[in-house]
Amino acid sequence: MMWHNFETNGGTKPGLGISVGSLKAKDPSRLKRLKPSHRMEGIYSKQKFFLVFVLFHMVATLVKGQGTRVGFYASSCPLAESIVSSAVQSHFQSDPSVGPALLRMHFHDCFVHGCDASILIDGPDSEKKAPPNLGVRGYKVIDDAKAQLEATCPGVVSCADILALAARDAVVLANGPKWEVPTGRRDGMLSLASDTDTLPGFSESIEEQKKKFAAFGLNTRDLVTLVGAHTIGTTACQFFSYRLFNFTAVGNGADPSINPEFVSQLQTLCPPSSDDTGRVALDTDSVDSFDVSFFENLRNGRGILESDQMLWTDASTRSIAQSYLGVRGLRSLNFNIEFGRSMVKMSNIGVKTGTDGEIRKICSAIN
């Protein structure tokens, strides 16, 4: 960020574009000759100067604390973003399912130790080995992008930034929105499977999900919006088949929040005799397109994961989901715009910048 300059009688100092030269008296003794009202004006002027001084340092501290910015590699590695985009597109062309995989990987990374690429580290007890991450994939995309970046700009671009950029590019390839990704993250040096309990679970209540999101500075709208990423991708039967059989002792035995006509379809896809490894689209009839049909399915009782359907059954989140569908009487929200905003917010969770962390040479190992 560029700071404007302001001038004082003592010279030029960085500031907020405010001229305060008049705040410094050329003749200190002149204040004694001023009328009382003028002396008060002088005092107030000094107070204003002090306030501007404090505000400047507060803003500077906040900017420094943020650490990331759009165009961070503009000088050090101008081709960084295009190299990542090219790698993602190459893999996406041969396997479109890699798109939602990268988006999920970024989410799972940020919710453990912040967005520091700790999920990429190999090891017997690393985050990769935790149950919630066993199905995470797309590592080859990140490795390929990193190899190309190291050949072009050695030791410059972090794995954490590659992951943040790749997640954005994956959404774009699914006909979703494109947003500016602040970069400048550094890579973490710790990855433990035991630390992944901060990840939201597929059967957790809305209140529990809210608590986990709030712990990272994300609000209820962010929760609904980011879960909306399930508009693309699939999930394994093992994560929802319990909703289909013996969930209740009445009716068809399925979770009553599931549309009865949809239950039989899901039971066919995930029969009791299966090994639960079969996969089902999270957004029925729109698995490869980034749109609001995910929320339409929730409205129609066709949410796959229990935690997804809860977004509609819980009043505190339903109104937000309805706003993306343009329900009459509610202020409409643009899902694409809000998704980009929430992704930027999420991608700045616990980022390591400056001298924190490192720039890994390869993403799967600490230097």
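Here the Cβ of each residue, glycine as well, is placed from N, Cα and C on the backbone.
Here is what TrEMBL records for this protein:
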DOMAIN    67-367  domain 'Plant heme peroxidase family profile'
SITE      Arg104  site 'Transition state stabilizer'
ACT_SITE  His108  active site, proton acceptor
BINDING   Asp109, Val112, Gly114, Asp116, Ser118, Glu127  Ca(2+) 1 binding site
BINDING   Pro200  substrate binding site
BINDING   His230  heme b binding site
BINDING   Thr231, Asp283, Asp291  Ca(2+) 2 binding site
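Structure with TrEMBL features highlighted.
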| residue | record | Cβ contacts under 8 Å, 6 or more apart |
| --- | --- | --- |
| Arg104 | site 'Transition state stabilizer' | Val136, Ala229, Gly233 |
| His108 | active site, proton acceptor | Ile119, Glu127, Pro132, Asn133, Val136, Thr196, Leu199 |
| Val112 | Ca(2+) 1 binding site | Ser118, Ile119, Glu127, Asp195, Thr196, Thr198, Leu199 |
| Gly114 | Ca(2+) 1 binding site | Gly188, Ile349, Gly350, Val351, Lys352 |
| Asp116 | Ca(2+) 1 binding site | Asp109, Ala160, Arg185, Arg186, Asp187, Gly188, Gly350, Val351, Lys352, Gly357 |
| Pro200 | substrate binding site | Phe111, Glu208, Gln209, Lys212, Phe213, Ser307 |
| His230 | heme b binding site | Leu282, Asp283, Phe294, Ile304, Leu305, Asp308 |
| Thr231 | Ca(2+) 2 binding site | Leu282, Asp283, Ser286, Ser289, Phe290, Asp291, Val292, Ser293, Phe294 |
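The average pLDDT computed for the domain 'Plant heme peroxidase family profile' (67-367) is 95. Summary: among the binding-site residues (Asp109, Glu127, Asp283, Asp291), the fewest other C-beta atoms within 10 A of the C-beta are counted at Asp291. Annotated Ca(2+) 2 site Thr231, Asp283, Asp291; additional same-chain residues within 8 Å of its Cβ mean position, judged by their own Cβ, are Gly228, His230, Ile232, Ser286, Val287, Ser289, Phe290, Val292, Ser293, Phe294.
Cβ atoms within 8 Å of the centroid of the Cβ atoms of Asp109, Val112, Gly114, Asp116, Ser118, Glu127 (the Ca(2+) 1 site) belong to the same-chain residues His108, Cys110, Phe111, His113, Cys115, Ala117, Ile119, Gly188, Ser191, site residues excluded.
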